[in-house]
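Structure record follows, encoded as structure tokens.
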Amino acid sequence: MTPTPQGLPESLGLHSQLLDLDPSETQEWLESLDQVVDHAGQNRARYLLLSILQRARDRRVGVANLRSTDYLNTIAPDAEPDFPGDEHLEQRIRAYNRWNAAVMVHRAQRPGVGVGGHISTYASAAALFEVGFNHFFRGHDAAGGGDQIYFQGHASPGIYARAFLEGRLTSDQLDGFRQEFSHSGAGGGLPSYPHPRLMPKFWEFPTVSMGLGPINAIYQARFNRYLHNRGLKDTSRQRVWAFLGDGEMDEPESLGAIGVAAREELDNLTFVVNCNLQRLDGPVRGNGKIIQELESYFSGAGWNVIKVIWGREWDSLLAADTDGALLNLMNTTPDGDFQTYKAESGAFVREQFFGRDPRTVAMVEHLSDNEIWNLKRGGHDYRKLYAAYRSATEHTGQPTVILAKTIKGWTLGSRFEGRNSTHQMKKLTLDDLRAFRDRLFLEIPDASLDAVKPPYFRPSEGSPELEYLQDRRRALGGYLPDRRVDCRPLELPPAAAYRIARRGSGRQEIATTMAFVRLLKELMKDPEIGHRFVPIIPDEARTFGLDSLFPSKKIYSPHGQNYLSVDRDQMLSYQEDIHGVLLHEGITEAGSAASWTAAGTSYATHGEPMIPLYIFYSMFGFQRTGDQLWAAADQMTRGFLLGATAGRTTLNGEGLQHQDGHSLLLASTNPACIAYDAAYSFELAHITADALRRMYGEPRAGEDQNVFYYLTLYNEPTPQPPEPPDVDIPGILAGMHRYSPAPAREGPTVQILAAGIAMPWALEAQRLLHTDWGILADVWSVTSWTQLRRDALATDDWNLAHPDQPPRIPYVTRRLSKSSGPVIAVSDWMRAVPDQIAPWVPGIWASLGTDGFGHSDTRSALRRHFGVDAQSIVVRALQQLAGSGELDSSVVDEAQRTYHLDTHRHDPQQ
Ligand SMILES: Cc1ncc(C[n+]2csc(CCOP(=O)(O)OP(=O)(O)O)c2C)c(N)n1
Ligand SMILES: [Mg+2]
């Protein structure tokens, strides 16, 4: 170290402000180190320092861990446990799976079908999965409940292949891979990837959108703890496994939540990263080392890291590496080279890898090229993997990541192994097939190696391999994946729970957000299901009034509250508790969406229906985490999404990035999402009651229970009217009800369709039309444009399919056909939201909306800017009447001038 001006060693920040209590002792230690370096060399010095660090760690001396270690297996050979299985039989089983997985994809590529699939990923991951299937993954029947396994999505052929060996899928079904409709054979086809919605008795966790598997697995493990800590279910024996790609780790979602897992000490979580060094196009880190990089990230975040880099063949070489020459090569060779070696030959590895140092050349002199070629990677060595999994499952206090080095396309032959194109290759030539069969030692005669339809291989029933495989799964609690839904309908809250919401707020002005929170508080008191509500909040509890739940429900924290809370004396103090109910996620919409998914699938995963309510700035929901919500739909999540601060003009002052005029449009694209845009508290009451009935009550024929609800909530306080005595509840649920009819008399009439916060504008327009222009108007509250559209689409489809029967009429058409006059729709959303129903609206249609970016200003200024305020509605209605000849067009001009709209016109989209 270079001395500083004061004569002290430069600290590199390691101990910059620590006092040296005994400088001469320090000096002695430093000199001893110098001596070792001078006389025994840097390698020896390094070894000694690492040993001292290890001892310091064992003795609990508070020194930071190294963030990366040598490019070696974490578990030393002499620390590996005995392997308890039958290695030979397991190797045979693996060979059958490898073959069937590849053949299945190959056959799906047959002429006339050509739907392909992925071969090389499973080929690299087979041992990673199989050591789990044979020794670790606990099925649903295991004592204490089973494990939850997130399989790498595009490795699905291998999972199907195993289910085939287990006798759960037929060869006919394998032939239906990626042909869900066109394959009419017994059992139909198989979806490409893990899609619970498409294969609901098999797949549990959708994973194929890269990055969502890792984050969802973390929050699943955390939710298991939550259930446990709240005393709802003993999940102490259940483990979450996530199998991930090394390329996949580039997704922000993959690494973005690893801190949560460490902070909450999720030792019920194991990540296994398949480090084949390749992604789709080429190397993951050609110039670097992905395993080392991931090691630093994970260990820096507080995970237990286990590297499985080298197979057992390397052990004796490393044992002979007295001066660290081999280690040096391992440490310094970039991944791009490691990839290339495995696409070449033993001679190439001798020359290009070992050949870089005369000492390593000598180390492998006694090995033939073939033997060098046979120096395997750790991720293909069953015993090394077993040791890693065992260590991970026994480790406490931290989640574990296993970084396993493999070869993409392993055993598929030189056209596949390590090639950049391997990810996209879907077919084997006859030569490939022959070589592959020989490599796997399969008893398939040459004659049956058909180039288009090579046979699947399944040993006879009763063979030692099948017996072994079945025994192992029996001992571990049954087959996986296996999605089961085993829960009874819930007893729903009585009508009384909704009384306050239906009564309105009297003269008090409250936003619908507050109205909903009040309703939620009532529902959470319900003795039957109150405890099942799981509010999920990314740091906006105070904005939405949910802080009122802090004292009674408390914020979940596995560590309780180990500090003196600053606001402990206040009514709504921030209270963390191990039994807390609220999931306060911090500022992470991605984490919240993952939590919501875990809670909303608890009815299946745990047989414990939970009712998650995730409340967020509506702008940061579908727009920011739309793909997660899509995956949640695949996983058949049930629950509530609450899009608070909805609308482009209602969130006071915030402007472009916050004001949401389009999330309802995005929500409409998710088929599992039922979206409502309620105006009033009483509407919310009926919608919520029906949502609970549908998702958690007795199933009804023809109604999918696997849906979730998106309710928009506004933050503008208005008086919440009481429910009208003759309220049209079916209308509220179907998507529209006539809230304020025109007085029963003759005269030009318009139909105003308004939604959410636009209702007060519409009612004001109704008044102005009448008082200023003598025009009548019916005002409808449209609670769901999307549900009206879906009904209309379904009706059209039915009519197309039943030409011989009287056509059915869509709900929206039916409701409006009895009313007279042009129709004008208005909402705080872009016009495409109401325009969803335009094709089915009888008569003249016009919509007003908030197209364009949001701006910062007062609500009234913004509404004028977008042309959606009461006066704008009036002018548009008059224009429609003029257009249909019911009014002179001069009235429109006059109205524009009266309301000063003539000077205000410009295109808000500019
Ligand atoms: C979000 C997302 N982006 C892109 C893809 C397309 N894709 C499928 S597999 C793949 C490469 C995966 O590489 P890696 O994670 O290393 O897995 P490997 O096949 O190498 O095991 C890509 C980019 C995807 N499935 N999801
Ligand atoms: Mg990869």
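The first residue you see is number 1, and the count goes up from there.
Cβ atoms here come from the backbone N, Cα and C positions, even for glycine.
The Cβ neighbour count for Asp246 (Mg(2+) binding site), using a 10 Å radius and every protein chain shown, is 27. According to TrEMBL, the Mg(2+) binding site annotation covers Asp246, Asn276, Gln278.
Per TrEMBL, the feature domain 'Transketolase N-terminal' maps to 150-318.
Residues or ranges marked as domain 'Pyruvate dehydrogenase E1 component middle' by TrEMBL: 503-717.
If you look up TrEMBL, you'll see 743-869 marked as domain 'Transketolase-like C-terminal'.
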Using DSSP three-state counts, the residues of the domain 'Transketolase-like C-terminal' (743-869) come to 57 helix, 21 strand, 49 coil
Could you check the binding-site residues Asn276, Gln278 and say which one's CB has the most other CB atoms within 10 Å? Asn276
Mean pLDDT for the domain 'Pyruvate dehydrogenase E1 component middle' (503-717), as a whole number? 97
Quick one: what's DSSP say for Gln278 (Mg(2+) binding site), helix, strand or coil? strand
Within 8 Å of the Cβ centroid of the Mg(2+) site residues Asp246, Asn276, Gln278, which other residues of the same chain have their Cβ? Ser124, Gly245, Gly247, Asn274, Cys275, Leu277, Arg279, Pro283, Val284, Ile290, Thr406, Lys408
